[in-house]
Amino acid sequence: MIAKTYTTMLGGRELSIETGKLAKLASGSVTLRYGDTLLLVTAQAREERSTLDFLPLTVEFEERHYAVGRIPGSFHRREGRPGEHAILSARITDRQIRPLFPKGYRQETQVIITVLSADQQNAPDVLGAIGASAALSLSDIPWNGPTACVRVGMIDGEYVINPTSDQLTRSSLDLVVAGTRDAVNMVEAGAQGVSEETLVGAIEFAHRELQGVLDLIETMRAEVGREKFNFLVDSDLSTDLVPELSEAARAAGLRDALLTTKKQERSANLKALRDRLIAERVPDPEAAGAAEQIEALKAAFAKVEKQELRRLILQEDLRADGRNSKTVRPIWIEARPLPRAHGSAIFTRGETQVLGVTTLGTERDELLVDNLTGETNDRFLLHYNFPPYSTGEVKRVGGQSRREVGHGNLAKRAIRAVLPAFDDFPYVIRVVGEVLESNGSSSMATVCAGTLSLMDAGVPIQAPVAGVAMGLVMEGEQYRILTDILGLEDALGDMDFKVCGTAEGVTALQMDIKVSGVTPAIMREALAQAREARLHILGKMAEVLPAPRPELSPTAPRILTLKINPELIGKVIGPGGKQVRELEAMGAQVTIEEDGNIRIFSADGAAAEAVRQKIEGLTREAKVGEEYEGTVVKTAPFGAFVNLFPGQDGMLHISQMSENRVNAVEDVLNVGDRLRVKIANIDDRGKIDLIRPELEGKIAPREPRAARAGGDRGGRPPRRE
């Protein structure tokens, strides 16, 4: 195959897609270039059909350190398991392409995105999604694309397509949108409290801008695309059984079984009804062909269950737990359930329950994030845990799944927007969401529980954040938007639309759409309905914690800050770090910055205060005119040396000790004597001349040191060099 390159303009920069040059043995492969960011994307499928009853699709996002001219920092100096950034980038692509595989397609399919070059300005995540669409479109893999993906920022009130990394730092919006020619099928966003109308406008803007990419991929497919292979679909015996089984199920109490309030009771009732109907139709399960008939009846019953649930929602505005489409489940909240945690809260909404826990740490607890954008330190961590008992199941307990990473990132983006600036609240913050029960919207409950735990810890957040998951049931022109969806409604519905924000605006958004035809008008309606629910939830949260606690939790560590002259940092550190080690031995961690900012961290407030006072003493600077209660530490024929504060002495000349002539210093002062002194002068070398305040104006002042040719040598000529 001859290599061919196709180009289009996107966001004012050229996007080029080349095929036929690299990885030619893959079913589909393309190379994308945008600026100096270069990606290789391949798509491959097995010939044999999987025995799984779902689509075995995997998307891998491979970050190569050579892409930015670096050697990996791991022990073996090679890339290891994908990090969080790579997982989130892979999920963007997965969520965009998965809904467009044909019904019944079960071949194991793999998309691999490899970052070959990264200019650290043009993000590779959305390019990977475009590349996956192109590779699948050109391959022989059955797929109903293409799709395209863009990022939208908002700078100075204007939408910007694919903002650079530098531009994103000034953007109030970070929105990723994927879609087909006629519809949007995936949205992901983090925002600084923008309005719902701004979001809809950004989504519409993105959908218009991605049309050029769709044109490009369709041109490529027409010119160099391969013919799609045929795939086997299991004969669906269940379809013919649905009409009769549906009538029988309704007569046998399907409605009552579906409208059981509790999840486990509902599942048990539906299973009992299904088993009874199957037993009536297959009296002898051991007979020839009975197993196939039973499986077909189970599949048919699942379809009947879905049809009836959707009918109840659309025609009667009645949901499985008895609510209408706009009602939020009952909410129960408890603040500070954990006595030793820095902040904690339990948030329960229906049968979804999350324990949120906040822990405060120092800069030494920052997470070093090493990816292709460079090394950064993350001062806000949010970890989402989804144990199997939360859904009443037994599964292997191990590392985080990709789902957990994605849900945790959504909650993190929602809350990060309201955190105080580090200069105002110099703590590293970790929030953990422990999902204790799950029947839909556990990530949104994590946002609520995490926010409450921050407020319980005394973190001065700008405003409380709440989240709610919205759903959609759509049949032709008829649709109904659902507030606070159940797990069952998520599985059987047409949209999962998670919205997080404050009372003023949206801070995070995630939308996955399973059907085409979701118009901007429907999105506006869903966002408006989500706002009503969000305000309701925020009201319930305010009943328990109307604002962050005025003081940090008694168990939380204390951080004291002070500013010193940068030239005095050496005094705090000491020779070889001796002084700072002595300070930390007092029970605190000390962080010193080059600009003189010092932070003292200790679980013991008294220890932190003691270290602060010690540092102030070490770095205190004397000023002309200040008075001190000092102690004589040394005498000399010409005067006495008086300690003003730790590390700082001054000299009281013999002529300034009394109104009368003093023959010997020891006639007036001795080591250990305390007296009141005042700073009269500080020379260029930092030497301090003292006077006694009570004698000021009664005796002639001494000339400043700089004016005395002989220094303190009693008028004798200076020493020869």
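Positions of Cβ are set from backbone N, Cα and C atoms, glycine also.
Look at Swiss-Prot and you will find Asp490, Asp496 tagged as Mg(2+) binding site. The domain 'KH' annotation in Swiss-Prot covers 557-618. Annotation source Swiss-Prot lists domain 'S1 motif' at 625-693, citing sequence analysis. Sequence annotations record features per position, and here Swiss-Prot assigns region 'Disordered' to 696-721.
Ranking the binding-site residues Asp490, Asp496 by other CB atoms within 10 A of the CB puts Asp490 at the bottom.
DSSP assigns Asp496 (Mg(2+) binding site) to a strand segment in the three-state reduction. Per-residue confidence over the domain 'S1 motif' (625-693) averages 89 (mean pLDDT, predicted model).
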